[in-house]
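Undergrad: To start, I am sharing the structure in question, which I have written as structure tokens.
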């Protein structure tokens, strides 16, 4: 029986599928698997189930001399050297569609949380309390009827747009390619990035990360935004220059931000933690029972297909 190495605990539904076809070795330590353990684990393995937090570099790929597939448990795959994997004839797959609804739900949740100051209100209610309802007390911003600007109208961005339309929001989007069919379906308008930044009340980042996207949102971009704008990032941390965001929040160049991802993840800078006008969540975009179970099935089936000589779903290289 061929061996699969699983770089961290995954839901039981996928693990059971793997156990029917492989000898399964899984990292069960606390925290992230370290490089030495990962290199040892992939030796003699024909499949690797990696997590978004698993750094699969050339050293790891070279150690996995028998690898046929690296099935990444997540929609992103910037944790893997996919070009080198291609050179070694190793398929790399991801789990794109499984994350769509969960991440779109969270994106809209972050919009509401930061605009209506829900987290601040919860903290106040649990600590000092409040003196009762008052006309000027704890005002936030309404979402309905505002303009949302979506950076990246892929599967997740489109799902965010549909949810935004339910709030009667106008939808702007930007990306490398115009998507006219999606425009008609959703009622979205394609604009360039600068136009989006200048006109949107809520700016959501739902694009995949690649080196060209690094610090897409920096000091210059924050200066373009409305002083009442909010930035929401549920994609990848390095798309936003985090220190520039901190400065924009401190200088009231924008009204607030909500982040599920961070530039130096898992570290969150103390400056961000100290600000009241930012909502922080611990990279939980697709952290639902439904999405994580589906992702578990997808990576298991991809590994099974690869060792059976079939082309797996969702190959990214």
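Using the three backbone atoms N, Cα and C, a Cβ is placed for every residue, glycine included.
Model, not experiment: these values are computed from the prediction.
In case it helps, Swiss-Prot gives these features for our protein:
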type	residues	note
ACT_SITE	236	active site
ACT_SITE	265	active site
ACT_SITE	283	active site, proton donor
BINDING	155, 156, 234, 235, 236, 260, 283, 284, 285, 286	NAD(+) binding site
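Walk me through the surroundings of each of these features.
TA: Its own atom aside, the Cβ of residue 236 (active site) has 23 Cβ atoms within 10 angstroms in the protein chains shown.
Listed in sequence order, 237, 283 are the same-chain residues at least 6 apart in sequence whose CB falls under 8 Å from the CB of residue 265 (active site).
DSSP assigns residue 283 (active site, proton donor) to coil in the three-state reduction, outside any helix or strand.
In the three-state DSSP reading, residue 155 (NAD(+) binding site) counts as helix. Around residue 155 (NAD(+) binding site), taking its Cβ as the centre, 17 other Cβ atoms fall within 10 Å, counting all chains.
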Undergrad: Measuring Cα to Cα, how many Å separate residue 285 (NAD(+) binding site) from residue 236 (active site)?
TA: 11
Undergrad: Whole-number Å distance between the CA of residue 155 (NAD(+) binding site) and the CA of residue 236 (active site)?
TA: 15
